[in-house]
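*Asks:* After the structure tokens below, expect a handful of questions from me.
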Amino acid sequence: MTRPIEVRKVPIEHVSDAAGLADLIDAGVFSADDVIAVVGKTEGNGGVNDYTRIISTHAYRAVLEEKGTRSKEEVAQVPLVWSGGTDGVISPHATIFAYAPEGRYLPTDEPRVTVGYAMSEVLLPEDIGRPAMVEKVAAGVRVAMERAGITDPADVHYVQTKTPLLVQDTINDAERRGETVYTHNTLESMDVSNATTALGIAVALGEIEMPTAEQIFHDLSLYSSVASCSSGVELDQAQIVVVGNARGVGGRFRVGHSIMKDALDMDGVWAAIRDAGLDDMPVDCIHPRHIKGRLVNLFLKCEADPTGRVRGRRNIMLDDSDVAWHRQIKACVGGVVAAVSGDPMNFVSVAAVHQGPSGGGPVIAIVDLEA
């Protein structure tokens with residue numbers, strides 16, 4: 001049986017700031033050795049050449065090494081999943097998942113947060129966008145579920161991943177070995193990597209059957225309702241963090257999910273918050289005061305609707321040559337979500353093909369039932 005989990009959100013006040021993590025460790029909220037995973041937003045451009053993710057990784061790993069007993073190699077295995085780009089009001093921050101100190105919480109038959117993590121097999125450049133990547137990710141998700149003590153996929157509410165994308169060096173490497181890659185457009189490869197990973201999650205959880213090569217990044221009817229996939233240049237495997245609920249674990253946190261049907265779907269956000277356990281709010285709740293400080297964080301994926309319209313109204317995000325649609329839709333959804341939560345420190349990430357319905361995306365909420 002896994003141990004009870006602490007989930008805490010801390011601000012990032014500058015690009016190399018890890019003081020929030022250090023303060024929690026110093027305060028005895030959890031030990032450095034018990035940190036399982038970190039999911040956060042960094043303030044870079046969110047693109048291929050966003051190195052703020054690497055800076056945050058170094059800063060957080062340094063704290064874990066300094067304040068814990070794990071070796072550098074062991075700390076390197078802790079998933080640190082950073083999504084770059086804090087467009088609009090989105091505020092840089094980190095959500096930290098850690099085992100609670102022994103004896104702090106008693107076991108309970110009520111569902112409480114449990115976390116498992118895994119690293120996939122190495123993802124080769126030629127795997128990205130193809131069935132091999134789907135299979136490798138699916139296998140990793142199953143390992144993470146087992147480590148979380150989850151046997152029923154219905155108890156999984158959030159799967160956060162970080163996977164490699166393509167850069168010119170890895171494209172050249174594949175071609176030197178006689179292999180081909182899905183795309184030579186490195187920015188597009190971010191979307192492709194995320195999309196393929198999401199299908200691996202969906203396969204592992206039984207949401208879909210194994211897709212064909214032709215369906216990857218094309219058949220938008222295939223998606224996972226709990227996948228949140230990011231990609232970057234800093235790794236060559238899939239980092240996989242599975243968050244769900246389990247009975248008998250204990251603790252004070254619970255996770256739930258829903259979907260946003262489009263970029264303006266506040267009801268989808270409220271549905272996720274209620275699904276996580278805050279079901280005492282009015283059905284027509286439209287104000288953050290009803291949350292009463294019990295929401296730890298929201299995690300969302302978003303995508304510009306490929307039709308170029310939202311609720312029938314035309315927009316030009318996909319035609320804008322000055323500001324990439326990635327940044328525009330992220331800022332839009334970040335504002336919508338902040339209006340619901342009353343807090344701009346939400347995890348909002350873009351490139352959401354196969355993550356929720358086309359033009360929408362998954363919404364995951366983690367709540368503190370004792371706040």
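Placed from the backbone N, Cα and C atoms, the Cβ positions cover glycine too.
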*Asks:* Which of these, E303, E370, does Swiss-Prot say binds Mg(2+) at the same site as A352, Q355, G356, P357, G360?
*Replies:* E303
*Asks:* According to Swiss-Prot, R53, S83, G84, S230, S231, K330, S349, V350 bind substrate; so which of N172, N185, N194 is the extra one listed there?
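*Replies:* My reading of Swiss-Prot gives N194 as the candidate in that site.
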*Asks:* Want to know which recorded positions, from R53, S230, E303, H326, K330, are within 10 Å of K162 (active site) at Cα; which are they?
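*Replies:* Checking each Cα against K162 (active site), the hits are S230.
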*Asks:* When secondary structure is assigned with DSSP, how many helix, strand and coil residues does the region 'RU B' (112-247) contain?
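*Replies:* Split into helix, strand and coil, the region 'RU B' (112-247) gives 52 helix, 32 strand, 52 coil.
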*Asks:* From the centroid of the CB atoms of E303, A352, Q355, G356, P357, G360, the recorded Mg(2+) site, which same-chain residues not already listed sit within 8 A by their CB, in sequence order?
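*Replies:* Nearby residues not in the site list: Y223, I259, M260, K301, C302, V353, H354, S358, G359, G361, P362.
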*Asks:* When you average the Cβ positions of R53, S83, G84, N194, S230, S231, K330, S349, V350 for the substrate site, which other residues in that chain have a Cβ within 8 Å of that mean position?
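*Replies:* So the additional residues around the site are G46, G85, M190, G232, A351.
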*Asks:* Near the Cβ of E303 (Mg(2+) binding site), how many other Cβ atoms are there if near means within 10 Å?
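*Replies:* If we count other Cβ atoms within 10 Å of E303 (Mg(2+) binding site), we arrive at 29.
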*Asks:* Which secondary structure state does DSSP assign to E303 (Mg(2+) binding site), in the simple three-class scheme?
*Replies:* coil
*Asks:* Could you tell me which of these binding-site residues, R53, K330, has the fewest other Cβ atoms within 10 Å of its Cβ?
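*Replies:* If we count Cβ atoms within 10 Å for the binding-site residues R53, K330, the smallest count is at R53.
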